[in-house]
Structures are given as structure tokens and as C-alpha cells.
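Remarks on the structure that follows.
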Amino acid sequence: MDRRCSQQWESSMEDVSTPLLPLHDDGRTDGRSCSALASLLANKYLAIAAGPLASALICAFVDFGHGRAAARNMLGVLAWVFIWWLTDAVPLGVASMAPLFLFPAFGISSSDAVAKAYMDDVISLVLGSFILALAIEHYNIHRRLALNITSLFCGDPVRPPLLLLGICGTTMFISMWIHNTPCTVMMMPVATGILQRFPRGQAASSSADAHEVRRFSKAVVLGVMYASTIGGMSTLTGTGANIILVGMWSTYFPEQRPITFSSWMSFGFPVALVLFAALWVTLCLMYCSSNTGRALSAYLDRTHLRRELSLLGPMAFAEKMVLAVFGGLIVLWMTRSLTNDIPGWGVLFHGKVGDGTVTIMMTTLLFIIPNGKGGGEKLMDWGKCRKLQWNIILLLGAGFAIAEGFKASGLTDILSEGLGFLRGAPPLVIAPVACVFSAVITEFTSDDAATTLVLPLLAELGNTIGVHPLLLMVPGTVGAQLSYLLPTASPPNVVGFGTGYITIKDMVLTGIPIKVVGVATLAVLLPTLGSVVFGMDQKL
């Protein structure tokens with residue numbers, strides 16, 4: 001009985017602690033208000049609402065004159081999409097699909113017209129290269145290549161500048177053929193796997209050798225991160241910014257000579273080589289000293305690298321076949337269109353075959369060729385493609401759709417009129433300015449989004465001031481890829497920053513010299529080499 005009474009007493013006390021009616025002035029209302037505001041911010045509802053709100057304000061208060069409602073609506077849609085991109089209000093892929101319903105709803109273009117922008121030859125090129133990158137990752141081909149080249153450059157004793165050259169050179173080479181984001185994702189574990197042999201934490205903070213090791217660790221992470229971006233600049237498949245340039249060039253100037261894989265590489269590869277040399281020299285000067293090699297020798301040697309390589313075993317049939325498909329695709333890319341005197345194999349099909357055509361054709365072989373393990377299993381199946389980066393593919397499609405929207409709505413004509421004050425300015429001055437303008441914007445958003453934003457403006461600016469549009473569009477594209485200062489500037493920067501080896505200060509101090517070299521290189525090579533490669537000496 002006593003125990004039962006005790007339980008009843010405790011129960012009654014719990015009941016008393018809970019008020020039967022709401023109490024006044026207890027501060028809970030403010031708490032609920034703060035909680036509601038925190039919930040709005042945490043769930044990004046304010047950022048989500050900012051897009052439609054900005055669009056509504058533009059449509060309500062902006063007036064471009066009689067008959068230009070479509071241009072006003074296009075500006076509103078552009079504000080909506082870019083606010084969602086910049087604030088990450090919804091996933092990138094979802095925001096990139098917004099033009100599919102916004103363009104028809106605002107009367108800019110039909111649903112069929114906007115949908116076609118999301119799947120053309122350029123998108124096929126990116127889709128196929130992503131699948132090929134997944135095959136390379138699945139069979140550890142990238143790791144085998146990295147370990148071979150790194151062990152070759154390691155030296156005995158360890159020579160840090162040569163080791164950096166090997167790691168960064170491998171990353172740049174891989175990034176030339178696959179998108180720089182998956183390249184960084186593949187190469188960063190290889191780099192950090194080497195760095196894991198080095199001491200970290202407070203236990204090693206007092207040693208002078210440990211300080212040298214930490215500095216070199218920063219150099220490795222920065223090198224992989226930036227070499228991936230620089231390598232992607234070399235080819236059309238290396239980054240989405242180059243793909244956006246090709247798509248917008250064909251959209252705005254369909255009658256002009258297209259930018260092909262070989263023509264872009266003829267210009268992009270020399271630019272990338274100069275930037276790579278600047279990267280290597282900067283890393284060696286800032287992070288390597290005469291004592292770095294001695295400090296690394298205690299933790300790293302060729303034996304470790306060769307041991308890791310031996311664990312991979314001999315190259316299997318599947319790896320050889322993936323490399324064969326990869327090599328064949330590169331040959332087809334490079335020989336489709338050569339010169340005016342030697343047109344390439346594309347002439348056999350009367351110009352109806354593009355780089356995306358052969359990319360999908362060769363990628364299809366991965367789903368046909370057996371992997372040699374028996375059981376009818378092929379090199380690739382759709383289950384292995386679950387990691388396809390659809391967000392980047394949709395972002396590219398949105399960029400092409402926006403370019404079409406600029407043209408269809410008449411917004412390009414209005415922008416052209418507004419930029420008329422630049423007529424008569426020296427083109428060789430405007431090109432570096434365009435590069436710097438794009439290079440600043442890209443630090444606060446992705447290089448693909450920055451390219452999508454600036455290229456329509458630069459295309460119309462070229463027409464306005466009477467210069468070849470590529471004299472401005474190419475600097476805008478290259479400048480968008482000079483994203484070296486902030487983690488938010490590009491996905492490779494996010495991957496590198498996430499390792500914990502580097503800080504934003506490290507990125508700024510290392511990135512500024514490379515950025516300056518990039519602008520200077522473009523100012524020299526564009527009017528010389530670029531004029532020959534792209535035919536900029538010819539009038540449109």
C-alpha cells in the first residue's frame with residue numbers, strides 16, 4: 001500500500017508540473033517565434049521564396065518598352081533561376097530544370113523548344129564521358145596510373161619537386177579526358193593515401209621536420225585540386241564551361257565554323273601548359289625548401305608505392321578493354337575535323353556526325369564487350385551508372401536553354417543597346433577585362449554557372465563593339481575556370497578543402513599568382529594563336 005501511495009504521489013506531482021491552461025508572459029511565444037524563424041532558415045524556405053519574389057518584382061516594375069514583354073519575363077526567369085543556383089535553395093539539378101516549366105509559363109518559348117536544349121550533341125558528349133569515367137573508376141585504372149607515375153617521380157632519396165610534378169601531372173592528364181570533378185574525386189584519395197604516412201596532430205607540431213611535412217601536404221592537396229581544373233581547361237570533355245561555350249557559340253552563330261574537340265585543344269592545351277608550369281613553380285617556391293626532401297624521406301619511399309601497386313595485381317582483360325575503348329574514342333575525337341586541307345573522317349558523313357555521336361557509340365561498346373570473368377557479364381551495366389552526375393548534365397542543359405531564351409525573347413538586343421558605350425574601346429584591352437570579370441564571378445558560384453551567366457552578355461558585346469565575339473567569349477570561358485581562391489568556386493575546390501589539409505588562406509595565397517598568370521597568358525595567346533585556331537581574323 002505504501003508503494004502504491006508513493007507512485008500515486010509521484011504521478012500527481014508530474015501532473016502539477018504541467019499547467020492546465022496557457023500561462024502569460026512566460027517567454028514561450030518568443031521561443032516559438034525564434035524556433036519558427038530558425039526552421040525557415042534551416043529548410044531554406046526564405047531562399048526558395050526569394051527566386052519567385054525577385055521574378056515577380058522584375059515583371060511588375062521593369063519596363064523595356066512596347067512589345068518587349070518577353071524580354072522582361074526572360075529577365076525575371078533568369079533572376080529566379082540564378083537565385084536558386086547561388087543560394088542552393090533546391091538541389092542544383094532541380095534548379096537547373098526550372099526553365100522547363102518557367103519558359104512556357106512566362107511565354108518565352110514552347111515546351112518542345114526548351115526541352116531540346118537539354119539533349120543535344122554536346123550533352124551527349126558529357127553523358128558519354130561521365131559513363132567512361134565511371135568505368136575507369138570501377139576498374140581502378142586511375143589508381144594504377146597514378147601509382148606508376150608517382151613511383152617514377154618519387155626519386156631515391158625523395159625529391160619533393162619531382163614528386164609534386166608526378167602527382168600533379170597525373171591529375172592534369174586524367175582531367176583532360178574526363179570531367180574535372182570526378183577526376184578530383186578519384187585522385188584525391190590517391191594523394192591523401194600518400195599523405196597518411198606523414199604525422200599529423202599536436203604530437204608532431206613541435207618538430208621542424210613535421211612543419212616541412214605539413215607544408216608539403218598542403219602542396220599535394222592544392223596541386224591535385226588545381227591541376228584537375230587546369231587539365232579540364234585543355235579539352236571539351238574536361239569541364240562543363242568549355243561545353244557551354246561550344247553550345248552557345250553554335251546557338252548564337254550557327255552559320256559560323258563550329259568549335260571542335262581538336263580546335264579547342266589546339267588553343268586550350270598550350271594555355272593549360274603555361275598554367276600548369278605556373279602551378280608547379282608556385283607550389284615549389286611556397287611549400288618546398290631544401291629540408292623538405294630530408295623530412296619526407298623518413299615516411300615515404302618507392303618501396304611503399306610499389307607495394308601498393310603490387311596489391312593491384314596484373315592488368316586484367318577488363319582494364320585493357322576499357323583502355324582500348326578510351327584510346328579509340330580519343331583518336332576519333334582528334335581526327336573528326338583536322339584542317340581545311342585535311343578535313344578528317346567527319347567529311348564521310350557530310351558533317352552530320354558530332355563529337356557526342358562517337359562518344360555515345362564508343363560508350364555503348366562498354367555495355368556490349370564482356371569483362372572476361374565469365375557468366376556473360378559486360379564491362380559496364382546500368383547498375384554501375386548510379387553515380388552519374390545528372391546535376392551537371394542538367395546544369396549544362398539549363399545553360400543552353402537560357403542562351404536560347406536570351407535570343408528568342410529579344411533580351412540580347414536590349415543588352416546590346418545598353419553596352420553600346422563600349423564601342424571603340426581597344427579589343428585587346430576588353431578581352432583581359434572580360435577574363436577578369438568572369439574570374440571574379442566564378443569565385444562565388446560554380447564555373448559552369450559563371451560561364452552560363454557571362455557568355456550571352458559577351459556574345460552581344462562583341463557584336464556591339466564590332467569585334468569577333470570569340471575574342472570575348474573565349475576569355476569569359478577561360479576566366480570562369482580560373483577558380484582558385486575560395487572553396488565555393490568549383491567542386492574540385494570543395495573536395496580539396498574537405499580533406500582538412502588546407503585553409504582558405506592557403507588557397508588565396510596560392511591561387512592569386514596562378515590567376516594572374518592565367519589572365520596574362522590569355523592576353524598573349526588569344527590574339528595570336530587563338531586568331532589562327534578560331535579564325536577570328538575573319539569577319540562574321
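Note that Cβ sites are derived from N, Cα and C of the backbone, with glycine treated the same way.
Looking at the stretches 390-409, 490-509, the one that TrEMBL records under the feature transmembrane segment is 390-409. Between the listed ranges 71-88, 161-178, TrEMBL ties the annotation transmembrane segment to 161-178. Counted over residue pairs separated by six or more positions, the transmembrane segment (309-335) shares at least 3 Cβ pairs under 8 angstroms with the transmembrane segment (122-141), which defines the two as touching.
Simply put, out of 161-178, 267-288, 347-369, 390-409, 453-472, 161-178 has the most Cβ pairs sitting under 8 Å from the transmembrane segment (224-247).
Within the chain carrying the transmembrane segment (347-369), a Cβ under 8 angstroms from the stretch's Cβ atoms is held by residues 120-125, 127-129, 131-132, 135, 236-237, 260-261, 321-322, 325, 328-329, 332-333, 336, 378-382, all 6 or more beyond its ends.
For the transmembrane segment (92-110), the residues of the chain that approach it from at least six positions outside its boundaries are 69-70, 73-74, 76-77, 80-81, 84-85, 117-118, 390-391, 394-395, 397-398, 401-402, 404-405, 408-409, judged by C-beta separation under 8 angstroms.
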